[in-house]
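Asker: Quick one: the structure is below, and I'll ask about it shortly.
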Amino acid sequence: MVGQRAQHSPVSLLLLIHLCLLHLRASGQPHPTPEAPVEEVVSVQGVRGGSVELACGSGPAPLLVLWSFTPLGSLVPRPVAVTDGAMSKVEAIASALGVVSLRNSSLVLGELHEGARGHFLCQVLHVAGGQLHAAYSHLTLAVLVPVSKPQVRLSNPSPVEGASVVATCAVREGTEPVTFAWQHRAPRGLGEALVGVTEPLFQLDPVNRTHLGWYMCSASNSVNRLSSDGAFLDVIYGPDKPVITMEPLGLTEEGFWASEREEVTLSCLAASNPPSHYVWLRDHTQVHTGPTYVIARAGRVHTGLYTCLARNSYLDTRTQTTVQLTIYYPPEGQPSCAVHPSPEAVTLLCAWPGGLPPAQLQWEGPQGPGPTAPSNVTWSHAAAQLPSGSVFTCTGQHPALAPPALCTVMLWEPLGRPTCWSTATMGDQFIMLSCEWPGGEPPATLGWLDEQQQPLGGSSSSMAVHLLQAQEDLAGREFTCRGTHLLRTPDPHCHLQLEAPQLDVAEPRVSVLEGGEAWLECSLRGGTPPAQLLWLGPQQQKVDPGTSGFMLHPEGAQLRLGIYDADPAHHRGTYQCVARNAVGNSSQSVLLEVLRYPAPPNVTISRLTYGRHRREVQLQWAILGPGNLTGFLVQRKASALGPGAGAWETAASDIEPESRGRRLGGLDPGVLYAFRILALNHHTAGHPSEVKIPADPPFSAYPAVLGAAGTGMVVATVASLLVFQYAARHPETFPRLETPTTTPGLDPAQETTDSPVNVTITVTATP
């Protein structure tokens, strides 16, 4: 009965019962039911901001569930929520715990607050065996707080190397126990854990440059684990003593070396924080600022002491390092090889002076390497042990040159034999004996010998020259040139015999027609030294290449003389071909005859008359007798009868031989001219014709009369027509003498009228 009433009682009754139960429970009095209530104690954990469900034990369906909360440190319970299964009520004070709701008999706390930390009591009324029973559940709720994001604090973020630094990992909140861990990461490295450091703070004493970098800490508890952002520990240090490096690298005992004309890069590094400021000095003079000094094209002037100054601007500390830089340069050009022969041995010389350091030279021959020395090296060999074609190489090595420089000598004997010749010098005052034997290494030695095999002067290499005073008694004498070479036995030689020149002419007598072309030929036969050929004209004058009317044409040992447009007055006569050398001369004569062409026939003028206005004449002529001709020549002059008589001048030339007439213009009407004509056979002119003066053309009246008559007839005809026209229009002007009779059968229109008409026609003839 009690259970049924309880199920149907209002909430106010429930709360009243609840309060009673709380009162009884709080007062420690026993439950009014005959049996003691069942109690359960449970510990529950929740996370702040999270959700937790508090269960109210297990058993039969409750009639009433009452939840209360007692904060830590308090003895007074506070009602939280009540439900009878149909209705539920959450007290306003429950918001301090979070978002409170009931799920059946369980109390659900969402968005858990730290204020929910304490003791929860669940009281349940239920019916069992027809009796009302009360059950109690005690729950202790622990609210856990996650650790907050830790923060690293450094006692000195920028300490000087050697000082003391304390690092602290600060956490604002978090349920104990909280565990700490530390990590260090260099600026250009990976992070590494600091083993053994688990406290919220640790000390670096003394601090050094290896401690520079980022420091991070992490904090963790039973709820979570968070890591801090990095805090940078900037350790101030340096600068250390600078270290100088060079590219490309070349090391010497004093420092570095570099090749001339290459790019050289000097780098300076001094460990420092903040980074060092660098200054470069060359021989105590500043040349650059910055860690790298580049010499774009190294030269010899760049040799010297280079100092790198490093400065820490924060600490105002300085360090420096000095090195020696030497610019190497090879000797100029290439090694030079030379051979100095002697009768029984050969000396090989190799020289390559200059350079820094001096080049190292070494000989190498067919049997292997030879001596070595700087700048120059000498090697001697017995001539008997050296076959022709032996090759010797001198190798020059220098640090500034990648490939070695070489010079090579190949010993070989010259080909063939010596060649001898002679020439005259200084106007044939001296005779130069020359001897040549080219090729060979070393070159052959040559010397001249007289007829008694006595040396003439000294000897020389490859070519020997000896001068003799020119005189006639040298003709017929023989000289010998002897050559010697260490690889050639016996000694070869050549002979030279001096002799006067001899001449031959193709034809001693040459004929040519006037105006033609003639060639005189002269050939040189023998002569040592070589002779000079020339031609002398009929007046013994020398014919030069530029002489007018002549042409010289040398062909080997011949000298041809050409005569153009032969003229008897200038070209006829005896020509001499002369050959001269330093030991004698000779000459040959050639007679040149210039023949005239036969005379052409005579010419007579058949007609010579003036043209219009006396400014031209018409000339006609005729040939008298047989003969060859090639043209005509017309001449004129002012007649002696006129005011200005003068010499004959050409009026027309180049007239074809077939022509028999010519119109000549360009006359002055005020001058009286005389004309004559000549026949031409090439350059031969015939006898002039008779001299004639132009005549006026004859008068002809017949054409004038005919012209006048024709003109009169035209005028008469025109006048008659005019008279007839006038009479027809004015008949009264002309009276009739009698009346005409009419003939029967005659048409009036056919009547004739014999009216006389007088017409006067005047004809004037002008001659």
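Heads up, the Cβ atoms here are built off N, Cα and C, so glycines get one too.
It should be emphasised that the depicted structure is a prediction, and the values quoted were computed from it without experimental measurement.
As listed in Swiss-Prot for this protein:
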DISULFID  C56-C122  disulfide bond
DISULFID  C169-C217  disulfide bond
DISULFID  C268-C308  disulfide bond
DISULFID  C435-C481  disulfide bond
DISULFID  C522-C577  disulfide bond
DOMAIN    501-593  domain 'Ig-like 5'
CARBOHYD  N376  N-linked glycosylation site
CARBOHYD  N602  N-linked glycosylation site
CARBOHYD  N628  N-linked glycosylation site
TRANSMEM  704-724  transmembrane segment
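Mind running through what each feature is packed against?
Answerer: Within its own chain, C122 (disulfide bond) has L54, C56, G57, V65, L66, W67, S105, L107, Y136, S137, L139 as residues 6 or more apart in sequence whose C-beta sits under 8 angstroms from its own. In the three-state DSSP assignment, the secondary structure recorded for C122 (disulfide bond) is strand.
A sphere of 10 angstroms centred on the C-beta of C217 (disulfide bond) encloses 29 other C-beta atoms.
Neighbours of C308 (disulfide bond), defined as other CB atoms within 10 A of its CB across all chains, total 26.
Taking the Cβ of C481 (disulfide bond) as centre and 10 Å as the limit, one finds 27 other Cβ atoms among all the protein chains shown.
DSSP assigns C522 (disulfide bond) to a strand.
The local packing around N376 (N-linked glycosylation site), expressed as other Cβ atoms within 10 Å of its Cβ over all shown chains, amounts to 16.
Around the Cβ of N602 (N-linked glycosylation site), 18 further Cβ atoms fall within 10 Å across all displayed protein chains.
Around N628 (N-linked glycosylation site), a 10 Å sphere centred on its CB holds 14 further CB atoms from the protein chains shown. DSSP assigns N628 (N-linked glycosylation site) to coil in the three-state reduction, placing it in neither a helix nor a strand.
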Asker: What is the Cβ neighbour count of C56 (disulfide bond) at a 10 Å cut-off, with all protein chains included?
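Answerer: The answer is 25 other Cβ atoms.
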Asker: With DSSP helix as H/G/I and strand as E/B, how many residues of the domain 'Ig-like 5' (501-593) fall in helix, strand and coil?
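Answerer: Across the domain 'Ig-like 5' (501-593), DSSP assigns the residues as follows: 4 helix, 55 strand, 34 coil.
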Asker: Could you state the whole-number distance in Å separating the C-alpha atoms of C169 (disulfide bond) and C435 (disulfide bond)?
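Answerer: Between the Cα atoms of C169 (disulfide bond) and C435 (disulfide bond), the distance comes to 107 Å.
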Asker: For the C-alpha pair, I'd like the distance in angstrom between C268 (disulfide bond) and C217 (disulfide bond), rounded off.
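Answerer: About 37 Å separates the two Cα atoms.
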Asker: Could you state the CA-to-CA distance between N376 (N-linked glycosylation site) and C522 (disulfide bond) to the nearest Å?
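Answerer: About 61 Å separates the two Cα atoms.
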Asker: List the Cα distance (Å, whole number) between N628 (N-linked glycosylation site) and N602 (N-linked glycosylation site).
Answerer: 11
Asker: Far apart in sequence but close in space: which same-chain residues, 6 or more away, have a Cβ under 8 Å from C435 (disulfide bond)?
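Answerer: Sequence-distant Cβ neighbours: P418, T419, C420, L446, W448, M463, A464, V465, C481, G483, C494.
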